[in-house]
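**Q** Below is the structure I would like to discuss, written out as structure tokens.
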Amino acid sequence: MSKQFDVLVVGGGPGGYVAAIRAAQLGFKTACCESNPYADPKGEPRLGGTCLNVGCIPSKALLHTSHVFEEAAHGFEAQGISVGTPKIDVAKMIGRKNGIVDQLTGGIKGLFKKNKVTQLNGHGSFVKQVADGWEMKVGEETVVAKQVIVATGSKARHLEGIPVDNKLVCDNVGALDIDAVPKKLAIIGAGVIGLEMGSVWRRLGADVTILEAMPEFLAAADQDIAKEAFKLLTKQGLKINLGVKIGDVKVGKKSVSLAYTDKDGAEQKLDADRLIVSVGRVPNTDGLNAAAVGLKLNERGMIEVDDHCRTNLPGVWAVGDVVRGPMLAHKAMEEAVMVAEVMAGQAGHCNFDTVPWIIYTAPEIAWVGKTEQQLKAEGVAYKAGKIPFAFNGRAMGMAAPEGFVKMLADAKTDRILGVHIIGASASELVAEAVVTMEFGGASEDLARICHGHPTMSEAVHEAALACDKRPLHA
Ligand code: FAD
Ligand code: NAI
């Protein structure tokens, strides 16, 4: 007899585990299957997906440790603190990171128990449509579910001719487990992973060179922000070469040699003792048996969905990295909640225009809404307010005067269209902009809100005032 559920969620990442919890909270008999190789102490696949196991959480743990290390090495003295030359114990740093992963992935197991979600261990795939839903295979078991939510996420894109062993040549999995500070680290791709992981190992002493195909740096970001980020990150010592074309990559026993053509067309060579390949991610639809049941994918291999994450098959939904839109954990979680609520007959909602982007370099980079170049391309009349953190007392006190807040508002209606921040705590500051935009707020609304003093958030306040050309402290 097959196991019967109202809802089967395939994949236990932020999209999957959140969908399962919310569906169970709404009264559905719910199971979630997961098949990753990151076994927990009981030998079961760990919940949490890419985000908790080999993504957001471990990378932020390493970013924190390396930031504190760099502060101790270069930031303390100016504040009158002498600690001598700091040393890094890489094994301890990785152990701390693994401990956080253990704790958080185990926590999701606890949340499943609390919310009565059944965890199934095994790879999920479609078998066929049946009278009361879908017959699915999970490992060796057969499961019938009235509704299925596919949340199978994504995996690192690799490049032809560059075999990833996650020792010498790493994708995100190996990059988070490097066991000693490389002398020379090469990175292909100056995107989010390249900049975050490049920052980690540079701070710890590696000579880091990033090779990026695009001639523009951080093309998706507001170009004011991208220019400032390029200036600050290269000043810190990251070598970022834009507009390159990767040629032959020779992988030896202990080193890697990369040939590439630089932006001026000259042939160059780069030797490194580690290589990270971070050139984007591809959706995970392997072994789902999608074609056999007619589950439609788009030209990029993502499962095709509508605004409410319905696929072309009845009772089959898909959320997170496996569908269109930014590959971000919070976007996956928003979609997950929306799907569970729509399944329950509620008005599920996901506003894709207010999904924030955050890059956890130092300074941090965060934005929400449209960039200035997008508004120009769309012919939207806008006004801008830009305030440097150098005018902010808290930023000065925190020894973090770098960066700025830039607000873009509609020239006629004053509605905020985009907020772009580069500076310490940008990841937290952007939340205020998200809330204001979610409620259709104007720059005048933010300008009239009392902000605590001294706080970094005063720069957001001043940027709103600057939209009306009346900043008080700039
Ligand atoms: P995933 O997290 O990929 O989870 C999918 C799960 O499904 C996996 O566990 C997989 O094993 C499982 N699965 C796949 N197929 C099957 C199957 N057939 N049967 C059973 N199980 C299956 N995002 C942010 O918002 N902030 C960040 O700071 C951030 N940092 C990142 C850092 C790195 C290094 C990386 C790689 C990513 C980062 N991301 C970040 C992106 C974030 O991790 C993803 O957007 C998020 O994990 C997507 O969630 P998901 O549930 O769609 O997919
Ligand atoms: P990415 O899309 O951010 O960047 C990939 C970069 O590689 C791009 O700049 C691209 O132009 C470049 N590239 C592609 N092919 C190349 C080639 N052949 N040679 C040289 N450069 C090449 O992808 P990344 O960094 O791999 O991260 C994947 C995704 O994971 C991100 O897009 C994001 O969705 C998510 N992520 C989010 C984080 C966050 O929210 N802080 C942190 C890390 C990852």
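From the backbone N, Cα and C atoms, a Cβ is placed for every residue, glycine too.
Sharing the record's features from TrEMBL:
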DOMAIN    5-336  domain 'FAD/NAD(P)-binding'
DISULFID  Cys51-Cys56  disulfide bond
BINDING   Lys60, Gly124, Thr152, Gly153, Ser154, Asp321, Met327, Leu328, Ala329, His330  FAD binding site
BINDING   Gly189, Ala190, Gly191, Val192, Ile193, Gly194, Leu195, Glu196, Glu212, Gly280  NAD(+) binding site
DOMAIN    355-464  domain 'Pyridine nucleotide-disulphide oxidoreductase dimerisation'
ACT_SITE  His453  active site, proton acceptor
**Q** For the binding-site residues Thr152, Gly189, Glu212, Ala329, which sit with their CB under 6 angstroms from an atom of ligand 2?
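**A** Close enough to ligand 2 are Gly189, Glu212.
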**Q** Relative to the Cα of Ser154 (FAD binding site), which of the binding-site residues Gly189, Ile193, Leu195 has the closest Cα?
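**A** So, spelling it out, the nearest of the binding-site residues is Ile193.
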**Q** Give the sequence-ordered list of residues that share a chain with Met327 (FAD binding site), lie 6 or more positions from it, and have CB atoms under 8 Å from its CB.
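**A** Counting only residues 6 or more apart in sequence, the Cβ neighbours of Met327 (FAD binding site) under 8 Å are Ser154, Arg281, Asp321.
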**Q** Kindly state the mean pLDDT of the domain 'FAD/NAD(P)-binding' (5-336) in the predicted structure.
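**A** Average per-residue pLDDT within the domain 'FAD/NAD(P)-binding' (5-336): 97.
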**Q** List, in sequence order, the residues of the same chain other than Gly189, Ala190, Gly191, Val192, Ile193, Gly194, Leu195, Glu196, Glu212, Gly280 whose Cβ lies within 8 Å of the centroid of the Cβ atoms of the recorded NAD(+) site.
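**A** Same chain, not in Gly189, Ala190, Gly191, Val192, Ile193, Gly194, Leu195, Glu196, Glu212, Gly280, Cβ within 8 Å: Ile187, Gly198, Ile210, Ser278, Val279.
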**Q** Have a look at the binding-site residues Lys60, Gly191, Ile193, Glu212, Ala329 and say which one has the shortest Cα distance to Cys51 (disulfide bond).
**A** Ala329
**Q** When DSSP states are folded down to helix, strand and coil, where does Leu195 (NAD(+) binding site) land?
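**A** Assignment for Leu195 (NAD(+) binding site) reads helix.
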**Q** For Cys51, Cys56, Leu195, listed as recorded positions, tell me which one has the smallest number of other Cβ atoms within 10 Å.
**A** Cys56
**Q** Say we define neighbours as other CB atoms within 10 Å of the CB. Which of the binding-site residues Thr152, Ser154 has the fewest?
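**A** Relative to the other binding-site residues in Thr152, Ser154, Ser154 has the fewest Cβ atoms within 10 Å.
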**Q** Have a look at the binding-site residues Thr152, Gly189, Gly191, Glu212 and say which one has the shortest Cα distance to the residue listed as 'active site, proton acceptor'.
**A** Gly191
**Q** Indicate whether Ala329 (FAD binding site) is helix, strand or coil by DSSP.
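**A** For Ala329 (FAD binding site) - judged by DSSP and reduced to three states - the answer is helix.
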**Q** Check Cys51 (disulfide bond) against DSSP and tell me helix, strand or coil, would you?
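**A** The residue in question, Cys51 (disulfide bond), is helix (DSSP, three-state).
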**Q** So which binding-site residues out of Thr152, Gly189, Gly191, Leu195, Glu212 end up within 10 angstroms of Cys56 (disulfide bond), measuring C-alpha to C-alpha?
**A** none
